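Colleague: Quick one: this structure, given as structure tokens, is what I'll be asking you about.
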Amino acid sequence: MTTVQTSVYEPLTEPKAVALAVRLGLFRDGTPLACREIGDGNLNLVFHIVDQETKQGVIIKQALPYAKVVGESWPLTLKRAVIESNALRTFASYVPQYVPKVYYSDESLAITVMEDLSRLQIARKGLIEGKTYPLLSQHIGEFVAKTAFYTSDFGMNQQEKKKLAQSFVNPELCKITEDLVFTDPFFDHETNNFEDELRPDVEALWRDDRLHLEAAKLKRKFLTEADVLLHGDLHTGSIFVSADETKVIDPEFAFYGPIGFDLGQFFANLLLNALSRSELERQPLFDHIDRTWDVFASVFSNLWRTESVETYAATPGLLEDVLRHAFIDAVGFAGCEVIRRTIGLAHVADLDGIEHKDERLVAKRHALRLGRRLIIERRVFTGTEDFRRLFAETEQ
């Protein structure tokens, strides 16, 4: 990968994106190129440039200095583009099969040029359409296990880990998560967004001191536990997938945090899809949760036993303690994400796309009950089968 620092920042347009691709030598001179801006997120411009003869393409992603969902009144650091390209490169050193190739990045322009993944589909969209993606959970379990282990104090020299962690200090993007996932939904905050019919349910959460105490504990973990290099935003909209291939994208929220956070985000987004499904249709989603954890625990444990650099690694009970805390935290983090995606800023199409309003409100009330109990009762979970139990208990 090439990283450079060139001109002063300016947002790209489609013609400028094409000119950049040609200047970088990614296409031959005179090649007929098609370009379109395909970004559907809140923070970036994304250009898809394709050779109209060979159909080969590249993606040019540029960070915006503000959140599109809010506008220029919400400024954002452009450093997140560097965080993203560095995270993709770091992840590629451990799991190259699960991330796009990075061809070029420019710090000043906040640009990353990467592999075209248009042969794949965004997992959220496919899951909403009813696709099941049999290998998705196996791949994500391995992705999280290997990136977590190899960037932890167990998998790398502790001093080298501290140096790596310094390069992923990401306060601006972490602040978004601190606010939108762990704080705002639990209080009457202007960023919250929900239907008027949900107000009694939401106000009950705002008055729930028991819930607030447990959410505060989870927020503290997010703020203070620098265990592993996290993707930081591992939802189903950050994953490209097919029947046999998985690619994790958009790690601009990457930072050193608690080992269970990425797992919790992924679990939550599977649950959000399950909330929009019939009982029979939910089963593959619960199976994905089971498989993700099983693969994560198996791969992480094998690496621990064969490659750990920690002197205490052979101490009986330590691995089990690490995995137990990771699982409990993942359950709680999942609860925060379920609530946030239901009543906070930046909803998900899994719920908002439910066509009939009455059914949508039923699903969202279910989401709030489920999220609350995931947070409060996380310590009583003994395995992923408890997701099924709690899901059924909170369905009314």
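Positions of Cβ are set from backbone N, Cα and C atoms, glycine also.
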Colleague: In Swiss-Prot, the residues Lys61, Glu115, Asp116, Leu117, Asp250, Pro251, Glu252 are said to bind ATP. Which of Asn44, Asn269 is said to bind at that same site?
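Modeller: When Swiss-Prot describes the ATP site, the candidate it includes is Asn44.
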Colleague: State, in Å as a whole number, the widest CA to CA span among the ATP-binding residues Asn44, Lys61, Glu115, Asp116, Leu117, Asp250, Pro251, Glu252 given in the record.
Modeller: 18
Colleague: Return only the integer: C-alpha distance in Å from Arg340 (substrate binding site) to Glu252 (ATP binding site).
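Modeller: So the Cα of Glu252 (ATP binding site) lies 19 Å away from that of Arg340 (substrate binding site).
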Colleague: In whole Å, note down how far the CA of Lys61 (ATP binding site) lies from the CA of Asp233 (substrate binding site).
Modeller: 17
Colleague: I want to verify one value. Collapsing DSSP to three states, which class is Lys61 (ATP binding site)?
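Modeller: Going by the DSSP assignment, Lys61 (ATP binding site) falls within a strand, counted as strand.
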